[in-house]
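One structure is given below, encoded as structure tokens.
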Amino acid sequence: MVEDKSQVKVKFFTREQDESLHVLDAPLFAPVSLKRYGLSEIINHLLGLAEPVPFDFLIDGQLLRCSLQDYLTRKGLSSEAVLNVEYTRAVLPPSYLKSFSNEDWVSALDVGAERIVSGSYDGVVRTWNLSGKIEKQYSGHTGAVRAVKFISSTRLVSGGNDRTLRLWKTKNDDVKHVDELEGTEEAHTLAILEGHQAPVVSVDVQGDRILSASYDNSIGFWSTNHKDMTAVDPMDSLGDKASSAAKKRRKLTMKDGSVRRRAPLSLLESHKAPVEQVIFASNDSTVAYSVSQDHTIKTWDLVTSRCVDTKSTSYSLLSMVELPKLRLLACGSSARHITLHDPRADSSAKITQQQLLGHKNFVVALDTCPENEYMLCSASHDGTVKVWDIRSSSSIYTITREDQSVEKGINDKVFAVKWAKGVGIISGGQDKKIQFNKGDNIFKN
């Protein structure tokens, strides 16, 4: 009887598409002392694999991070229970690959076809190839660049502390390479988009439309085609009461008087504090989501430019990403955690579905894994990027800064992170580096 109590009946199953990883679904007894490693040994034995494959395990949709005994105890179950245990291939550690050096803090990143675009505190947008060579530089912003996004293989958009967005042409015979750049700063600006009254800190693109989030509490809605937007007179738009500083800023941006200036299609107003991020809904281009320092998540109808839902939390929200297949929004906060929300839930329903805990400072950027709908990565002012599987409340891996000059709490803040297929997990911050960590083919064979 003592031996029976030290075992529990387990029924293994998997959703892996590779049928060579499927075991018979007959239940068997397993020692309650087993953790992931011991359970992985059982699966490998049942499969008879020549090369062992590490596995992770889930019970009731949650990753197992303790022994079976601890799980039974936490759930108030006896060892007579039958546990349905799902197994899935374990994830490779996001090992360090390389870094690119930038002139100043790296504040924004995006990944396109075989290229990376970065925004920096020196006001310059740069495109890089995957070998680390700067292909082009785009000068024009008069303050830090806070957001960048590829529109297509030939165009991109940026937003910055100078309160403007800029549409750029990335391929143009008139655009010279870095070593020939002098004197061509404005040659490849398609249009300057004006209308915000404070820094522009986030942009998103879907089709021919752009969204921008600003510290003026508003969201800008723009077109990727300058012909769709109303022209702005560069000086008249300032008004007679404009400060001398504002007029000076405007003169600095008027080196090329022929640069088009355009007004937004609309400004979306409802937030009561700076808007930190705005994104298009993945399944509906007429819907957008935003998060703000006013503690709220808002849903917008872009056809009517109206806020149609507001969900209030207890903390400033600083970043957001959608998990499309799960229909959830992950939000990074000033309270150092990541919260998961269902934007479809009724306002009277539970606001927060789940919390991911582990960061020690603001969570300022998020992105999803291109290979797994349950996984995401987060960047924080605590100097780390964390990798998460939302089926566990704690992170799977923590990525630290690799540059030797980094001092904890001095110059280690991470401002931007992207997770892209064929590239990996890339991050940028105060260390003036774009750091690459393995994030492609993440499952062990």
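Using the three backbone atoms N, Cα and C, a Cβ is placed for every residue, glycine included.
Listed features, source Swiss-Prot:
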- 8-89: region 'Ubiquitin-like (UBL) domain' (REGION)
- 101-138: repeat 'WD 1' (REPEAT)
- 140-178: repeat 'WD 2' (REPEAT)
- 195-232: repeat 'WD 3' (REPEAT)
- 270-310: repeat 'WD 4' (REPEAT)
- 312-351: repeat 'WD 5' (REPEAT)
- 358-398: repeat 'WD 6' (REPEAT)
- 409-445: repeat 'WD 7' (REPEAT)
Take a look at 101-138, 358-398, 409-445 and tell me which one has the most Cβ pairs under 8 Å to the repeat 'WD 5' (312-351). 358-398
Between the repeat 'WD 1' (101-138) and the repeat 'WD 6' (358-398), are there at least three Cβ pairs closer than 8 Å, leaving out pairs fewer than 6 positions apart? no
Surrounding residues of the repeat 'WD 7' (409-445) on its own chain - C-beta under 8 Å, 6+ positions past either end: 51, 53-54, 89-111, 116, 118-119, 128, 130, 361, 364-372, 375-385, 387, 399, 401-403
Please compute the mean pLDDT of the model over the repeat 'WD 6' (358-398). 96
Other parts of the chain folded back onto the repeat 'WD 6' (358-398), taken as Cβ under 8 Å at six or more residues beyond its ends: 56, 58, 61-63, 65, 91, 93-94, 318-326, 328, 330-334, 336-338, 340, 406, 408-409, 412-421, 425, 427, 429, 437, 439-443
